[in-house]
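Visitor: Next up is a structure, given as structure tokens.
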Amino acid sequence: MQDDLKNAPIGFFDSGLGGLSVLRKALEMMPNENYIYYGDSKHAPYGEKTPQEIRSLSFNAIEFLIKKGAKAIVIACNTATSAAAHDLREYYKDIPIIGIEPALKPAIKLHETGSVIVMATKATLNQEKFKNLMDKYGEHREVIPLPCPGLVEFIEAGDLEGEDVKNFLREKLNPYMDREISSIVLGCTHYPFVKDVIQDIVGEKVDIIDGSSGTVRELKRRLEENNMESESKKKGNLDIFNSLEDKKILELSKKLIEIK
């Protein structure tokens, strides 16, 4: 039974395609594990929904992954983590559930001076969880919350470097370019897919950080703690599902995760 558990897949869930940026890091750091990814593109973006709606959709997604035999769950969505992680952990006590939050701590530690911009959805920035982070790390440094409604939709449509998304990001970031910005935190798992465009706008001196590595390290720790890590020496399997039953979205998912 324990061997079956070790070989069971790890479930990843996001409001759409964004969580693939976290899954990509997991495939790099733990290639021998099996994975299931569920993207809820039918209901994306979550950032404009109420906390109650986000919780309901998150429970549906977790149920899907558990029915597929997931041994652990990664909520690869900042918005869903903020709104639903606590309730999900209370309900599913027997399964490790790992969330993701804006990587504000490492961003602050990287530099002694300069402001930090946190790009995220409105829902993430409005949640108590983010306000607590602001209270903790924003005491001695300027932290600028930057809601980006509309950016997720570009990425869900596969527009990662077109003129429209470039103009959108310029409009968002240009007002801050006369300040000393040390770091930008990507507080939504969709945003790493446009990291290069953001870097071009802000310049190479600004560090751009996301929470993927920290989340995968925590996943690894929890699996080891529960004796659930795969002992296979082979590369694991990956199955991708999406609530939007559209061939194009699955093709885009594979492209984003660089599956040949």
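Glycine residues also receive a Cβ, built from the backbone N, Cα and C atoms like all the rest.
Pasting the feature list from Swiss-Prot:
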ACT_SITE  Cys77  active site, proton donor/acceptor
ACT_SITE  Cys188  active site, proton donor/acceptor
BINDING   Asp14, Ser15, Tyr46, Gly47, Asn78, Thr79, Thr189, His190  substrate binding site
Visitor: Starting from the substrate site formed by Asp14, Ser15, Tyr46, Gly47, Asn78, Thr79, Thr189, His190, give every other residue of that chain whose CB sits within 8 Å of the mean position of their CB atoms, in sequence order.
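Guide: Same chain, not in Asp14, Ser15, Tyr46, Gly47, Asn78, Thr79, Thr189, His190, Cβ within 8 Å: Gly16, Gly18, Gly19, Ala44, Pro45, Cys77, Ala80, Thr121, Thr124, Val152, Cys188.
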Visitor: Other than its own, how many Cβ atoms are within 10 Å of the Cβ belonging to Ser15 (substrate binding site)?
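Guide: Here the count is 33.
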Visitor: Determine, to the nearest whole angstrom, how far the Cα atom of Asn78 (substrate binding site) is from the Cα atom of Cys188 (active site, proton donor/acceptor).
Guide: 5
Visitor: Would you count the other CB atoms within 10 A of the CB of Thr79 (substrate binding site), including those on all shown protein chains?
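Guide: Step by step: centre on the Cβ of Thr79 (substrate binding site), count other Cβ atoms within 10 Å, giving 33.
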Visitor: Within 10 Å of each Cβ, count the other Cβ atoms and name the one among the binding-site residues Tyr46, Gly47, Thr189 with the highest count.
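Guide: Highest number of other Cβ atoms within 10 Å: Thr189.
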Visitor: Mind giving me a neighbour count for Cys77 (active site, proton donor/acceptor)? Other Cβ atoms within 10 Å of its Cβ, every protein chain shown.
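Guide: Within a 10 Å radius of the Cβ of Cys77 (active site, proton donor/acceptor) lie 36 other Cβ atoms.
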Visitor: Hey, does DSSP put Thr79 (substrate binding site) in a helix, a strand, or just coil?
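Guide: Reduced to three states, the DSSP call for Thr79 (substrate binding site) is helix.
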Visitor: Can you name the residues of this chain that are 6 or more positions from Cys188 (active site, proton donor/acceptor) yet have a C-beta less than 8 Å from its C-beta?
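Guide: Looking at Cβ-Cβ distances below 8 Å from Cys188 (active site, proton donor/acceptor), excluding near sequence neighbours, one finds Gly18, Gly47, Cys77, Asn78, Thr79, Met119, Ala120, Thr121, Thr124, Cys148, Leu151, Val152.
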